[in-house]
Amino acid sequence: MIRLVVLDVDGTLTDRERRISTDAIINIRRAVNSGVLISFVSGNALPVMFGLKTFIGTNAPVFGENGGIVLINDTIKTFFSKEKCDKFLDEISKTTSARPMFTNIWRQTSSAFTMDEKDYEFISKEAEKRDLYIVNSKFTWHVMNKGQDKAYAVNFLKEYYNYDYKEILVMGDSDNDLSMFDLPVKKAAPANASENIKEKSEYVSEFAYGAQVGDVFKYFGII
């Protein structure tokens, strides 16, 4: 029996233009009304996650910055620092195409940036030298601390609620979600998911960009 669902946001609940699926909202609310806990974990800044939680009406903690920060009721808890991330991005932007995102003003544990794809290998290697790493959420690049990923968020929720892995369902679309797909939880993906995500999923919906939420929830007996 699924008691907790952990959802990625961009590409999982939204389309290519980042517009949220109204079908996804309807089915998330149906799941909440049935007593299932719904959490979001995203690379977005926490104010975005607070807005989603508030206006969709979910009932579990939400995570920003790929698991680096969480909102529990009215309390914010950070698990990492962005000091090294900001310093690295400041340095690397002087010699590469990397440019900070304006949303960094709201970030507390990581830094987001844009860059030309050709600079990825160099920037990634430089990040590793500083015990940092680079991920791509399909919508932007993130420089983060080692250990800061979505599996960290799922494990936090598992301990917080004292649930078994088999009682948790995760849903995501990009390789940025792979860490939580490596856990022994239930896994599902939309049709637009990467091949790596699809290979690890128990169920891959024929629907995409949020339209799959109801289909997935029905498959796992949530609604």
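Backbone N, Cα and C define each Cβ position, glycine as well.
Predicted automatically and left uncurated, TrEMBL annotations should be read as such.
Residues or ranges marked as active site, nucleophile in TrEMBL: Asp8. Residues annotated as Mg(2+) binding site in TrEMBL: Asp8, Asp10, Asp173, Asp177. The substrate binding site annotation in TrEMBL covers Lys150.
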Can you give me the Cα-Cα distance between Asp8 (active site, nucleophile) and Asp177 (Mg(2+) binding site) in Å, rounded to a whole number?
7
Cα separation, Asp177 (Mg(2+) binding site) to the residue listed as 'substrate binding site' (Å, whole number):
6
Mapped DSSP class for Asp10 (Mg(2+) binding site), helix or strand or coil:
coil
Let's check the environment of the residue listed as 'substrate binding site': how many other CB atoms sit within 10 Å of its CB?
26
Find, among the recorded positions listed as Asp8, Asp10, Asp173, Asp177, the one whose Cβ has the highest number of other Cβ atoms within 10 Å in the structure shown.
Asp177
Determine which residues of the same chain, besides Asp8, Asp10, Asp173, Asp177, have their CB within 8 A of the center of the CB atoms at the recorded Mg(2+) site, and list them by sequence.
Val9, Gly11, Thr12, Ser42, Ser137, Lys138, Met171, Gly172, Ser174, Asn176, Ala193
For Asp173 (Mg(2+) binding site), just give me the three-state DSSP call.
coil
